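> From TrEMBL, here are the annotated features:
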- 3-132: domain 'Photolyase/cryptochrome alpha/beta' (DOMAIN)
- Trp320: site 'Electron transfer via tryptophanyl radical' (SITE)
- Trp374: site 'Electron transfer via tryptophanyl radical' (SITE)
- Asp387, Ala388, Asp389: FAD binding site (BINDING)
- Trp397: site 'Electron transfer via tryptophanyl radical' (SITE)
- 508-523: compositional bias 'Polar residues' (COMPBIAS)
- 508-541: region 'Disordered' (REGION)
Amino acid sequence: MVVNTIHWFRKGLRLHDNPSLRDSIRGTDTLRCIYILDPWFAGSSNVGINRWRFLLHCLEDLDASLRKLNSRLFVIRGQPTDVFPRLFKEWEITRLSYEYDSEPFGKERDAAIQKLANEAGVEVVVRVSHTLYNLVKIIELNDGQPPLTYKRFQTLISRMDPVEPPAETITRDMMKNCAVPIRDDHDDKFGVPTLEELGFETEGLGSAVWQGGETEALKRLEQHLEKKAWVANFDRPRMNPNSLLASPTELSPYLRFGCLSCRLFYFRLTELYRKAKESNIIPLSPYGPLLCREFFYTTATNNSCFDKMEGNPVCVQIPWDRNPEALAKWAEGQTGFPWIDAIMTQLRQEGWIHHLARRAVACFLTRGDLWISWEEGVKVFEELLIDADWSGNAGSWMWLSCSAFFQQFFQCYCPVGFGRRTDPNGDYIRRYLPVLRGFPAKYIYDPWNAPEEVQKAAKCIIGVHYPKPMVNHAEASRINIERMKQIYQQLSCYRGLGLLATVPANSSSGAHSSNIKGVNARSSKGPGGAPENPASHGGTSRTGTTLIWWSDFRFKHHEKQKVEKIPLFVLK
(Lines of atoms letter the chains of each structure in order from A and count residues from 1; the text may use other names and numbers.)
(Lines give C-alpha, C1' and ligand atoms only; values in the text may rest on other atoms or scores of the structure.)
Protein backbone atom coordinates (compact mmCIF):
# COMPACT_ATOMS: atom_id res chain seq x y z
CA MET A 1 0.00 0.00 0.00
CA VAL A 2 1.29 3.45 -0.93
CA VAL A 3 1.57 5.82 2.04
CA ASN A 4 1.01 9.48 1.16
CA THR A 5 1.62 11.81 4.10
CA ILE A 6 0.84 15.39 5.01
CA HIS A 7 2.70 17.00 7.89
CA TRP A 8 0.75 20.03 9.11
CA PHE A 9 2.90 22.80 10.59
CA ARG A 10 1.11 25.18 13.00
CA LYS A 11 3.38 26.06 15.88
CA GLY A 12 6.52 23.93 15.91
CA LEU A 13 7.98 25.72 12.87
CA ARG A 14 11.25 23.79 12.98
CA LEU A 15 13.06 20.63 11.90
CA HIS A 16 14.82 19.97 15.21
CA ASP A 17 12.84 18.16 17.93
CA ASN A 18 9.83 17.55 15.72
CA PRO A 19 8.69 14.04 16.72
CA SER A 20 5.41 14.15 14.81
CA LEU A 21 7.26 14.92 11.57
CA ARG A 22 9.94 12.34 12.36
CA ASP A 23 7.41 9.59 13.01
CA SER A 24 5.31 10.46 9.97
CA ILE A 25 8.33 10.08 7.68
CA ARG A 26 8.87 6.45 8.65
CA GLY A 27 7.47 4.18 5.97
CA THR A 28 5.98 6.99 3.89
CA ASP A 29 6.25 7.13 0.11
CA THR A 30 5.35 10.80 -0.42
CA LEU A 31 5.52 13.68 2.03
CA ARG A 32 4.11 17.16 1.76
CA CYS A 33 4.76 19.67 4.55
CA ILE A 34 1.99 22.25 4.67
CA TYR A 35 1.08 25.43 6.51
CA ILE A 36 -2.53 26.62 6.30
CA LEU A 37 -2.92 30.38 6.10
CA ASP A 38 -6.32 31.98 6.26
CA PRO A 39 -6.17 35.23 4.23
CA TRP A 40 -9.45 36.42 5.73
CA PHE A 41 -8.00 35.99 9.22
CA ALA A 42 -4.97 38.07 8.27
CA GLY A 43 -7.15 41.00 7.29
CA SER A 44 -9.66 40.84 10.11
CA SER A 45 -7.83 39.52 13.18
CA ASN A 46 -6.49 41.49 16.10
CA VAL A 47 -2.91 40.49 15.29
CA GLY A 48 -0.57 43.33 14.35
CA ILE A 49 1.83 43.61 11.46
CA ASN A 50 4.97 42.85 13.48
CA ARG A 51 3.71 39.38 14.44
CA TRP A 52 2.58 38.64 10.89
CA ARG A 53 5.98 39.73 9.56
CA PHE A 54 7.69 37.47 12.10
CA LEU A 55 5.48 34.52 11.06
CA LEU A 56 6.27 35.04 7.38
CA HIS A 57 9.99 35.09 8.23
CA CYS A 58 9.49 31.77 10.03
CA LEU A 59 7.75 30.24 7.02
CA GLU A 60 10.41 31.50 4.60
CA ASP A 61 13.15 30.04 6.79
CA LEU A 62 11.31 26.73 7.12
CA ASP A 63 10.89 26.53 3.35
CA ALA A 64 14.61 27.23 2.89
CA SER A 65 15.49 24.44 5.34
CA LEU A 66 13.15 22.00 3.60
CA ARG A 67 14.75 22.84 0.24
CA LYS A 68 18.04 21.53 1.64
CA LEU A 69 16.24 18.21 2.18
CA ASN A 70 14.90 18.20 -1.41
CA SER A 71 11.49 19.22 -0.09
CA ARG A 72 9.39 22.38 0.05
CA LEU A 73 6.81 24.03 2.27
CA PHE A 74 3.29 24.13 0.83
CA VAL A 75 1.45 27.24 2.06
CA ILE A 76 -2.26 26.58 1.58
CA ARG A 77 -4.85 29.35 1.69
CA GLY A 78 -8.15 28.69 3.44
CA GLN A 79 -9.77 27.20 6.53
CA PRO A 80 -8.48 23.80 7.76
CA THR A 81 -11.95 22.24 7.72
CA ASP A 82 -12.34 23.29 4.07
CA VAL A 83 -8.77 22.53 3.02
CA PHE A 84 -8.27 18.98 4.31
CA PRO A 85 -11.18 17.17 2.59
CA ARG A 86 -9.91 18.57 -0.71
CA LEU A 87 -6.26 17.65 -0.03
CA PHE A 88 -7.12 14.17 1.22
CA LYS A 89 -8.83 13.48 -2.09
CA GLU A 90 -6.57 15.41 -4.48
CA TRP A 91 -3.30 14.04 -3.06
CA GLU A 92 -4.70 10.61 -2.08
CA ILE A 93 -3.52 11.10 1.50
CA THR A 94 -3.32 8.15 3.89
CA ARG A 95 -1.47 9.75 6.84
CA LEU A 96 -1.67 13.14 8.57
CA SER A 97 0.73 14.30 11.30
CA TYR A 98 0.88 17.38 13.50
CA GLU A 99 2.08 18.63 16.87
CA TYR A 100 -0.34 18.41 19.79
CA ASP A 101 -1.99 21.75 20.62
CA SER A 102 -2.97 22.06 24.29
CA GLU A 103 -5.05 25.23 24.03
CA PRO A 104 -8.86 24.87 24.02
CA PHE A 105 -9.55 26.31 20.57
CA GLY A 106 -6.68 24.24 19.14
CA LYS A 107 -8.07 21.05 20.64
CA GLU A 108 -11.51 21.86 19.23
CA ARG A 109 -10.07 22.51 15.76
CA ASP A 110 -7.98 19.33 15.86
CA ALA A 111 -10.95 17.22 16.94
CA ALA A 112 -12.82 18.43 13.85
CA ILE A 113 -9.85 17.62 11.59
CA GLN A 114 -9.39 14.19 13.17
CA LYS A 115 -13.05 13.45 12.48
CA LEU A 116 -12.57 14.41 8.83
CA ALA A 117 -9.45 12.25 8.67
CA ASN A 118 -11.24 9.26 10.17
CA GLU A 119 -14.06 9.64 7.66
CA ALA A 120 -11.49 9.68 4.85
CA GLY A 121 -9.59 6.68 6.22
CA VAL A 122 -6.52 8.80 7.02
CA GLU A 123 -4.21 7.75 9.87
CA VAL A 124 -3.45 10.60 12.31
CA VAL A 125 -0.06 10.93 14.06
CA VAL A 126 0.06 13.42 16.96
CA ARG A 127 3.02 14.02 19.27
CA VAL A 128 3.67 16.41 22.19
CA SER A 129 6.57 18.81 21.59
CA HIS A 130 5.39 22.38 22.24
CA THR A 131 5.52 21.81 26.01
CA LEU A 132 8.02 20.07 28.28
CA TYR A 133 5.43 17.69 29.68
CA ASN A 134 2.25 16.03 28.53
CA LEU A 135 -0.26 18.37 30.18
CA VAL A 136 -2.94 15.67 30.20
CA LYS A 137 -0.76 13.60 32.51
CA ILE A 138 -0.16 16.55 34.86
CA ILE A 139 -3.91 17.04 35.21
CA GLU A 140 -4.51 13.30 35.67
CA LEU A 141 -1.94 13.32 38.47
CA ASN A 142 -3.92 16.15 40.11
CA ASP A 143 -7.20 14.18 40.21
CA GLY A 144 -8.40 15.57 36.91
CA GLN A 145 -8.01 19.24 37.87
CA PRO A 146 -5.38 21.70 36.63
CA PRO A 147 -2.96 22.85 39.36
CA LEU A 148 -3.85 26.44 40.17
CA THR A 149 -0.87 27.39 42.28
CA TYR A 150 2.68 27.37 41.05
CA LYS A 151 3.80 25.46 44.13
CA ARG A 152 1.29 22.69 43.41
CA PHE A 153 2.44 22.61 39.79
CA GLN A 154 6.05 22.17 40.92
CA THR A 155 5.00 19.34 43.24
CA LEU A 156 3.23 17.54 40.42
CA ILE A 157 6.04 17.75 37.88
CA SER A 158 8.51 16.55 40.54
CA ARG A 159 6.48 13.32 40.64
CA MET A 160 6.43 12.85 36.87
CA ASP A 161 8.91 11.12 34.61
CA PRO A 162 11.82 13.32 33.52
CA VAL A 163 11.39 15.57 30.50
CA GLU A 164 11.87 13.58 27.30
CA PRO A 165 15.04 14.45 25.36
CA PRO A 166 14.48 16.34 22.11
CA ALA A 167 13.94 14.26 18.99
CA GLU A 168 16.74 14.08 16.44
CA THR A 169 16.78 16.79 13.78
CA ILE A 170 15.23 15.86 10.43
CA THR A 171 18.00 15.21 7.90
CA ARG A 172 18.27 14.51 4.18
CA ASP A 173 19.13 10.90 4.97
CA MET A 174 15.87 10.49 6.91
CA MET A 175 13.98 11.87 3.91
CA LYS A 176 15.80 9.87 1.23
CA ASN A 177 12.94 7.43 0.68
CA CYS A 178 10.23 10.14 0.60
CA ALA A 179 9.21 11.62 -2.70
CA VAL A 180 8.02 15.23 -2.55
CA PRO A 181 5.83 16.08 -5.53
CA ILE A 182 6.81 19.65 -6.47
CA ARG A 183 5.20 21.41 -9.42
CA ASP A 184 6.92 23.96 -11.63
CA ASP A 185 4.46 26.60 -10.46
CA HIS A 186 5.01 25.76 -6.76
CA ASP A 187 5.99 29.31 -5.78
CA ASP A 188 2.95 30.78 -7.48
CA LYS A 189 0.53 28.30 -5.97
CA PHE A 190 2.11 27.36 -2.64
CA GLY A 191 4.76 30.01 -1.93
CA VAL A 192 5.02 32.10 1.23
CA PRO A 193 3.00 35.30 0.65
CA THR A 194 4.19 38.83 1.32
CA LEU A 195 2.62 41.24 3.78
CA GLU A 196 1.21 43.18 0.84
CA GLU A 197 -0.43 40.05 -0.56
CA LEU A 198 -2.10 39.57 2.81
CA GLY A 199 -3.53 43.08 2.60
CA PHE A 200 -1.18 44.94 4.94
CA GLU A 201 -0.10 48.51 4.27
CA THR A 202 3.71 48.52 4.47
CA GLU A 203 4.52 52.08 3.42
CA GLY A 204 6.51 53.65 6.25
CA LEU A 205 7.02 50.30 7.98
CA GLY A 206 10.42 50.25 9.67
CA SER A 207 12.90 47.42 9.33
CA ALA A 208 12.23 44.34 11.43
CA VAL A 209 13.87 44.31 14.85
CA TRP A 210 13.10 40.59 15.12
CA GLN A 211 14.04 38.14 12.37
CA GLY A 212 11.88 35.03 12.60
CA GLY A 213 12.79 31.43 11.89
CA GLU A 214 14.56 28.34 13.20
CA THR A 215 17.96 29.42 11.86
CA GLU A 216 17.86 32.65 13.85
CA ALA A 217 16.44 30.83 16.88
CA LEU A 218 19.32 28.35 17.07
CA LYS A 219 21.86 31.13 16.66
CA ARG A 220 20.23 33.06 19.48
CA LEU A 221 20.16 29.95 21.66
CA GLU A 222 23.95 29.74 21.48
CA GLN A 223 24.30 33.42 22.38
CA HIS A 224 21.80 32.99 25.21
CA LEU A 225 23.74 30.03 26.61
CA GLU A 226 27.01 31.97 26.45
CA LYS A 227 25.36 34.64 28.58
CA LYS A 228 23.88 32.01 30.90
CA ALA A 229 27.31 30.39 31.31
CA TRP A 230 28.65 33.66 32.66
CA VAL A 231 25.70 33.95 35.03
CA ALA A 232 26.03 30.35 36.20
CA ASN A 233 29.71 30.81 36.98
CA PHE A 234 29.62 34.29 38.45
CA ASP A 235 26.56 36.28 39.39
CA ARG A 236 23.06 37.26 38.49
CA PRO A 237 23.03 39.96 35.79
CA ARG A 238 22.06 43.44 36.84
CA MET A 239 19.32 45.45 35.18
CA ASN A 240 20.63 48.37 33.14
CA PRO A 241 19.17 50.64 30.44
CA ASN A 242 20.30 48.26 27.66
CA SER A 243 18.30 45.46 29.29
CA LEU A 244 15.14 47.23 28.13
CA LEU A 245 16.11 46.98 24.46
CA ALA A 246 15.66 44.04 22.10
CA SER A 247 18.51 41.63 22.81
CA PRO A 248 20.20 39.06 20.54
CA THR A 249 19.84 36.57 23.40
CA GLU A 250 16.05 36.94 23.81
CA LEU A 251 14.20 33.74 22.92
CA SER A 252 10.53 34.27 23.79
CA PRO A 253 9.22 34.92 20.23
CA TYR A 254 11.01 31.80 19.00
CA LEU A 255 9.54 29.62 21.73
CA ARG A 256 6.09 31.05 21.02
CA PHE A 257 6.20 30.08 17.32
CA GLY A 258 8.07 26.86 17.99
CA CYS A 259 11.12 27.92 15.96
CA LEU A 260 12.99 26.82 19.07
CA SER A 261 12.10 23.67 20.98
CA CYS A 262 11.47 24.20 24.68
CA ARG A 263 12.93 20.73 25.29
CA LEU A 264 16.15 21.55 23.46
CA PHE A 265 16.39 24.75 25.51
CA TYR A 266 15.71 22.81 28.72
CA PHE A 267 18.37 20.17 28.06
CA ARG A 268 20.99 22.69 26.95
CA LEU A 269 20.39 24.67 30.15
CA THR A 270 20.70 21.49 32.19
CA GLU A 271 23.96 20.59 30.49
CA LEU A 272 25.34 24.09 31.03
CA TYR A 273 24.53 24.24 34.74
CA ARG A 274 25.85 20.75 35.40
CA LYS A 275 29.18 21.74 33.90
CA ALA A 276 29.27 25.10 35.65
CA LYS A 277 28.31 23.81 39.09
CA GLU A 278 29.83 20.32 38.72
CA SER A 279 26.66 18.92 40.22
CA ASN A 280 23.57 17.04 39.14
CA ILE A 281 21.47 19.09 41.57
CA ILE A 282 20.21 22.14 39.69
CA PRO A 283 17.93 24.81 41.20
CA LEU A 284 14.63 25.61 39.51
CA SER A 285 15.60 29.25 38.85
CA PRO A 286 17.35 28.64 35.48
CA TYR A 287 14.15 27.03 34.23
CA GLY A 288 11.86 29.76 35.61
CA PRO A 289 10.54 31.17 32.30
CA LEU A 290 10.08 27.69 30.82
CA LEU A 291 8.21 26.39 33.87
CA CYS A 292 6.06 29.53 34.12
CA ARG A 293 5.12 29.00 30.46
CA GLU A 294 4.30 25.37 31.23
CA PHE A 295 2.22 26.37 34.27
CA PHE A 296 0.02 28.74 32.27
CA TYR A 297 -0.43 26.18 29.48
CA THR A 298 -1.55 23.65 32.10
CA THR A 299 -4.01 25.94 33.87
CA ALA A 300 -5.52 27.07 30.55
CA THR A 301 -5.80 23.79 28.68
CA ASN A 302 -9.35 22.92 29.83
CA ASN A 303 -10.58 26.49 30.36
CA SER A 304 -11.93 28.10 27.19
CA CYS A 305 -12.70 31.27 29.20
CA PHE A 306 -9.12 31.67 30.44
CA ASP A 307 -8.72 34.98 28.59
CA LYS A 308 -11.83 36.62 30.04
CA MET A 309 -13.53 37.18 33.39
CA GLU A 310 -16.99 35.85 32.61
CA GLY A 311 -17.17 32.11 33.05
CA ASN A 312 -13.55 31.91 34.22
CA PRO A 313 -13.40 29.97 37.51
CA VAL A 314 -9.78 30.89 38.28
CA CYS A 315 -10.34 34.64 38.10
CA VAL A 316 -11.52 36.93 40.90
CA GLN A 317 -14.49 38.91 39.61
CA ILE A 318 -13.16 42.41 40.26
CA PRO A 319 -15.52 45.30 39.33
CA TRP A 320 -13.14 47.14 37.03
CA ASP A 321 -14.07 50.50 35.52
CA ARG A 322 -14.97 50.93 31.86
CA ASN A 323 -13.09 53.93 30.48
CA PRO A 324 -12.44 53.74 26.72
CA GLU A 325 -10.71 57.13 26.65
CA ALA A 326 -8.26 56.18 29.38
CA LEU A 327 -7.65 52.79 27.75
CA ALA A 328 -6.86 54.45 24.42
CA LYS A 329 -4.38 56.84 26.06
CA TRP A 330 -2.59 53.90 27.68
CA ALA A 331 -2.54 51.82 24.49
CA GLU A 332 -1.28 54.71 22.36
CA GLY A 333 1.40 55.82 24.85
CA GLN A 334 -0.30 59.10 25.75
CA THR A 335 -0.65 58.77 29.54
CA GLY A 336 1.64 61.68 30.38
CA PHE A 337 4.01 59.36 32.27
CA PRO A 338 7.17 59.08 30.11
CA TRP A 339 8.19 55.66 31.49
CA ILE A 340 4.80 54.14 30.61
CA ASP A 341 4.54 55.92 27.27
CA ALA A 342 8.06 54.91 26.18
CA ILE A 343 7.25 51.26 26.91
CA MET A 344 4.01 51.35 24.95
CA THR A 345 5.76 53.12 22.06
CA GLN A 346 8.46 50.46 21.92
CA LEU A 347 5.77 47.77 22.00
CA ARG A 348 3.88 49.31 19.09
CA GLN A 349 7.00 49.93 17.01
CA GLU A 350 8.95 46.73 17.63
CA GLY A 351 6.51 44.12 18.95
CA TRP A 352 8.43 43.34 22.13
CA ILE A 353 9.13 44.81 25.59
CA HIS A 354 11.17 43.56 28.55
CA HIS A 355 9.32 41.50 31.16
CA LEU A 356 9.77 44.22 33.80
CA ALA A 357 8.35 46.77 31.38
CA ARG A 358 5.34 44.48 30.88
CA ARG A 359 4.78 44.43 34.62
CA ALA A 360 4.95 48.21 34.82
CA VAL A 361 2.37 48.91 32.11
CA ALA A 362 0.09 46.08 33.28
CA CYS A 363 0.05 47.38 36.82
CA PHE A 364 -0.60 50.93 35.57
CA LEU A 365 -3.60 49.84 33.49
CA THR A 366 -5.19 47.67 36.16
CA ARG A 367 -4.71 47.75 39.91
CA GLY A 368 -2.08 50.50 40.01
CA ASP A 369 -3.64 53.55 38.41
CA LEU A 370 -6.42 53.25 35.83
CA TRP A 371 -8.47 50.40 37.36
CA ILE A 372 -9.30 49.02 33.91
CA SER A 373 -9.83 45.30 33.36
CA TRP A 374 -6.89 43.07 32.52
CA GLU A 375 -9.03 41.74 29.63
CA GLU A 376 -8.35 45.00 27.77
CA GLY A 377 -4.63 44.59 28.31
CA VAL A 378 -4.81 41.06 26.94
CA LYS A 379 -6.33 42.40 23.71
CA VAL A 380 -3.65 45.07 23.24
CA PHE A 381 -0.80 42.65 23.92
CA GLU A 382 -2.42 40.06 21.64
CA GLU A 383 -2.33 42.63 18.86
CA LEU A 384 1.13 44.07 19.43
CA LEU A 385 3.37 41.47 21.11
CA ILE A 386 5.22 39.10 18.80
CA ASP A 387 5.58 36.53 21.57
CA ALA A 388 2.01 36.71 22.90
CA ASP A 389 0.30 33.35 23.07
CA TRP A 390 -3.19 32.76 24.36
CA SER A 391 -2.38 30.94 27.60
CA GLY A 392 0.68 32.90 28.67
CA ASN A 393 -0.76 36.29 27.77
CA ALA A 394 -3.99 35.81 29.71
CA GLY A 395 -2.25 34.09 32.61
CA SER A 396 0.31 36.87 32.97
CA TRP A 397 -2.38 39.55 32.93
CA MET A 398 -4.44 37.79 35.59
CA TRP A 399 -1.32 37.45 37.71
CA LEU A 400 -0.14 41.05 37.29
CA SER A 401 -3.61 42.46 37.99
CA CYS A 402 -3.91 40.29 41.13
CA SER A 403 -6.93 38.56 39.61
CA ALA A 404 -5.42 35.09 40.03
CA PHE A 405 -2.32 33.18 41.12
CA PHE A 406 -0.74 35.96 43.20
CA GLN A 407 -2.40 38.52 45.44
CA GLN A 408 0.19 40.84 47.02
CA PHE A 409 -1.95 43.71 45.86
CA PHE A 410 -0.39 46.24 48.21
CA GLN A 411 2.70 46.34 45.99
CA CYS A 412 2.36 48.80 43.15
CA TYR A 413 4.82 49.80 40.45
CA CYS A 414 5.49 53.52 40.54
CA PRO A 415 5.40 54.91 36.97
CA VAL A 416 8.15 57.37 37.91
CA GLY A 417 10.41 55.69 40.45
CA PHE A 418 10.57 52.24 38.84
CA GLY A 419 11.94 53.52 35.55
CA ARG A 420 14.29 55.97 37.23
CA ARG A 421 15.91 53.15 39.19
CA THR A 422 16.45 51.14 36.01
CA ASP A 423 17.67 53.95 33.75
CA PRO A 424 18.61 57.02 35.85
CA ASN A 425 19.75 59.04 32.86
CA GLY A 426 16.53 58.48 30.89
CA ASP A 427 18.20 57.20 27.70
CA TYR A 428 15.37 54.72 27.12
CA ILE A 429 12.79 57.51 27.24
CA ARG A 430 14.82 59.70 24.87
CA ARG A 431 15.03 56.80 22.41
CA TYR A 432 11.27 56.21 22.18
CA LEU A 433 9.92 59.66 23.08
CA PRO A 434 12.12 62.11 21.16
CA VAL A 435 9.79 64.97 22.13
CA LEU A 436 11.29 64.71 25.65
CA ARG A 437 14.89 64.40 24.48
CA GLY A 438 15.81 67.88 25.65
CA PHE A 439 14.86 67.35 29.31
CA PRO A 440 17.65 66.84 31.83
CA ALA A 441 17.73 63.53 33.68
CA LYS A 442 16.38 65.23 36.80
CA TYR A 443 13.01 65.86 35.14
CA ILE A 444 12.71 63.36 32.30
CA TYR A 445 10.58 60.92 34.34
CA ASP A 446 8.31 63.66 35.73
CA PRO A 447 8.57 66.54 33.23
CA TRP A 448 5.44 68.21 34.64
CA ASN A 449 7.57 69.14 37.65
CA ALA A 450 10.15 70.92 35.51
CA PRO A 451 10.18 74.72 35.84
CA GLU A 452 8.84 76.65 32.87
CA GLU A 453 12.31 77.76 31.78
CA VAL A 454 13.47 74.11 31.70
CA GLN A 455 10.48 73.13 29.56
CA LYS A 456 11.17 76.01 27.18
CA ALA A 457 14.83 75.05 26.94
CA ALA A 458 13.77 71.48 26.15
CA LYS A 459 11.39 72.83 23.48
CA CYS A 460 8.59 70.83 25.04
CA ILE A 461 5.82 72.46 27.05
CA ILE A 462 3.91 69.91 29.10
CA GLY A 463 0.25 70.04 28.18
CA VAL A 464 1.10 71.37 24.71
CA HIS A 465 3.79 69.19 23.12
CA TYR A 466 3.47 66.28 25.54
CA PRO A 467 0.40 65.46 27.66
CA LYS A 468 0.03 66.17 31.34
CA PRO A 469 -0.27 63.10 33.58
CA MET A 470 -3.72 61.60 33.10
CA VAL A 471 -3.94 60.44 36.71
CA ASN A 472 -2.62 61.38 40.14
CA HIS A 473 -0.55 58.27 40.80
CA ALA A 474 -0.17 58.65 44.56
CA GLU A 475 -3.90 59.13 45.08
CA ALA A 476 -5.01 56.57 42.49
CA SER A 477 -2.76 53.82 43.80
CA ARG A 478 -3.85 54.47 47.39
CA ILE A 479 -7.53 54.22 46.46
CA ASN A 480 -7.00 51.16 44.26
CA ILE A 481 -5.14 49.33 47.01
CA GLU A 482 -8.09 50.04 49.27
CA ARG A 483 -10.44 48.69 46.60
CA MET A 484 -8.40 45.50 46.33
CA LYS A 485 -8.31 45.18 50.09
CA GLN A 486 -12.11 45.35 50.32
CA ILE A 487 -12.54 42.75 47.56
CA TYR A 488 -10.14 40.30 49.15
CA GLN A 489 -11.61 40.91 52.58
CA GLN A 490 -14.98 39.87 51.22
CA LEU A 491 -13.42 36.75 49.69
CA SER A 492 -11.64 35.92 52.93
CA CYS A 493 -14.87 36.29 54.90
CA TYR A 494 -16.45 33.65 52.66
CA ARG A 495 -13.59 31.29 53.51
CA GLY A 496 -13.20 32.36 57.11
CA LEU A 497 -9.65 33.54 56.56
CA GLY A 498 -9.98 36.88 58.32
CA LEU A 499 -8.46 40.15 57.20
CA LEU A 500 -5.75 40.53 54.64
CA ALA A 501 -2.71 42.74 54.62
CA THR A 502 -2.89 46.22 56.08
CA VAL A 503 -2.86 48.85 53.36
CA PRO A 504 0.42 50.78 53.54
CA ALA A 505 0.08 54.43 54.46
CA ASN A 506 0.67 56.94 51.69
CA SER A 507 4.05 58.39 52.56
CA SER A 508 4.50 60.60 49.53
CA SER A 509 4.17 64.30 50.01
CA GLY A 510 3.35 65.33 46.44
CA ALA A 511 0.61 64.27 44.08
CA HIS A 512 3.09 62.59 41.75
CA SER A 513 5.93 62.00 44.17
CA SER A 514 8.47 59.39 43.09
CA ASN A 515 10.48 59.55 46.31
CA ILE A 516 8.86 56.33 47.47
CA LYS A 517 10.30 53.43 49.38
CA GLY A 518 10.60 50.12 47.52
CA VAL A 519 9.78 46.72 48.91
CA ASN A 520 12.12 43.85 49.50
CA ALA A 521 12.66 42.25 46.10
CA ARG A 522 12.89 38.83 47.70
CA SER A 523 9.51 39.17 49.34
CA SER A 524 7.49 39.01 46.15
CA LYS A 525 7.63 36.24 43.58
CA GLY A 526 5.31 35.43 40.74
CA PRO A 527 4.44 32.08 39.17
CA GLY A 528 7.82 31.73 37.53
CA GLY A 529 9.71 32.53 40.70
CA ALA A 530 10.88 35.85 39.31
CA PRO A 531 11.33 38.50 41.99
CA GLU A 532 9.50 41.77 41.76
CA ASN A 533 11.08 45.08 42.63
CA PRO A 534 8.29 47.49 41.92
CA ALA A 535 9.60 50.69 43.50
CA SER A 536 6.23 50.49 45.07
CA HIS A 537 3.58 52.76 46.36
CA GLY A 538 4.59 54.16 49.73
CA GLY A 539 4.75 52.49 53.10
CA THR A 540 6.90 49.93 54.82
CA SER A 541 4.45 47.12 55.53
CA ARG A 542 5.60 43.81 54.08
CA THR A 543 2.89 41.60 55.44
CA GLY A 544 0.45 39.82 53.18
CA THR A 545 -1.62 36.73 52.64
CA THR A 546 -1.76 34.72 49.45
CA LEU A 547 -5.20 33.24 48.95
CA ILE A 548 -5.91 30.03 47.12
CA TRP A 549 -9.61 29.52 46.53
CA TRP A 550 -10.08 28.09 43.06
CA SER A 551 -10.75 24.39 43.38
CA ASP A 552 -13.34 24.50 46.15
CA PHE A 553 -14.74 28.03 46.00
CA ARG A 554 -16.40 30.18 43.38
CA PHE A 555 -17.08 33.84 44.01
CA LYS A 556 -20.46 34.43 42.38
CA HIS A 557 -19.98 36.34 39.16
CA HIS A 558 -22.96 38.60 39.66
CA GLU A 559 -22.15 39.54 43.24
CA LYS A 560 -19.63 42.28 42.65
CA GLN A 561 -18.20 44.12 45.62
CA LYS A 562 -19.46 47.67 45.82
CA VAL A 563 -16.51 50.01 46.21
CA GLU A 564 -16.76 53.77 46.37
CA LYS A 565 -15.52 55.22 43.11
CA ILE A 566 -13.63 58.49 43.24
CA PRO A 567 -12.89 60.41 40.03
CA LEU A 568 -9.17 60.10 39.38
CA PHE A 569 -8.68 61.08 35.75
CA VAL A 570 -7.77 64.37 34.15
CA LEU A 571 -8.44 63.72 30.47
CA LYS A 572 -7.70 66.59 28.15
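Cβ atoms are placed via backbone N, Cα and C, with glycine included.
Just so you know, TrEMBL annotations never went through curation; they're auto-generated.
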> In sequence order, which same-chain residues at least six apart have a C-beta under 8 angstroms from Trp397 (site 'Electron transfer via tryptophanyl radical')?
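When sequence neighbours closer than 6 are ignored, Trp397 (site 'Electron transfer via tryptophanyl radical') has Ala362, Thr366, Trp374, Glu375, Gly377, Val378, Phe381, Ser403 within Cβ distance under 8 Å.
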> For each of the recorded sites (Trp320, Trp374), count the other CB atoms lying within 10 A of its CB, then report the residue with the highest count.
Trp374
> Given the FAD site residues Asp387, Ala388, Asp389, which other residues of that chain have a Cβ within 8 Å of the mean position of their Cβ atoms, reported in sequence order?
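Here the non-site neighbours turn out to be Ser252, Pro253, Arg256, Phe381, Glu382, Leu385, Ile386, Gly392, Asn393.
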> Looking at Cβ-Cβ distances, which residues of the chain lie under 8 angstroms from Ala388 (FAD binding site) while being 6 or more apart from it?
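Once residues fewer than 6 apart are set aside, Ala388 (FAD binding site) is near Arg51, Arg256, Phe381, Glu382.
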> Within 10 Å of the Cβ of Asp387 (FAD binding site), how many other Cβ atoms can be counted across all chains shown?
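Within a 10 Å radius of the Cβ of Asp387 (FAD binding site) lie 21 other Cβ atoms.
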> Which residue counts does DSSP yield for the domain 'Photolyase/cryptochrome alpha/beta' (3-132) in the helix, strand and coil classes, in that order?
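Taking each residue of the domain 'Photolyase/cryptochrome alpha/beta' (3-132) in turn, the totals are 59 helix, 29 strand, 42 coil.
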> If H, G and I count as helix, E and B as strand, and all else as coil, what does DSSP give for Trp320 (site 'Electron transfer via tryptophanyl radical')?
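Note: Trp320 (site 'Electron transfer via tryptophanyl radical') is coil by DSSP, not helix or strand.
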> Including all protein chains shown, what's the count of other C-beta atoms within 10 A of the C-beta of Asp389 (FAD binding site)?
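Step by step: centre on the Cβ of Asp389 (FAD binding site), count other Cβ atoms within 10 Å, giving 21.
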> Using the alpha carbons only, what distance in Å do you get between Asp387 (FAD binding site) and Trp320 (site 'Electron transfer via tryptophanyl radical') once rounded?
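Distance (Cα to Cα, whole Å): 26 Å.
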> Between 0 and 100, where does the mean pLDDT of the domain 'Photolyase/cryptochrome alpha/beta' (3-132) sit?
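Overall, the domain 'Photolyase/cryptochrome alpha/beta' (3-132) comes to a mean pLDDT of 95.
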> Quick check for the class: what is the C-alpha distance, in angstrom and rounded, between Asp389 (FAD binding site) and Trp320 (site 'Electron transfer via tryptophanyl radical')?
24
> With DSSP assignments reduced to helix, strand and coil, which class does Asp389 (FAD binding site) get?
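Once the DSSP labels are grouped into three classes, Asp389 (FAD binding site) ends up as coil.
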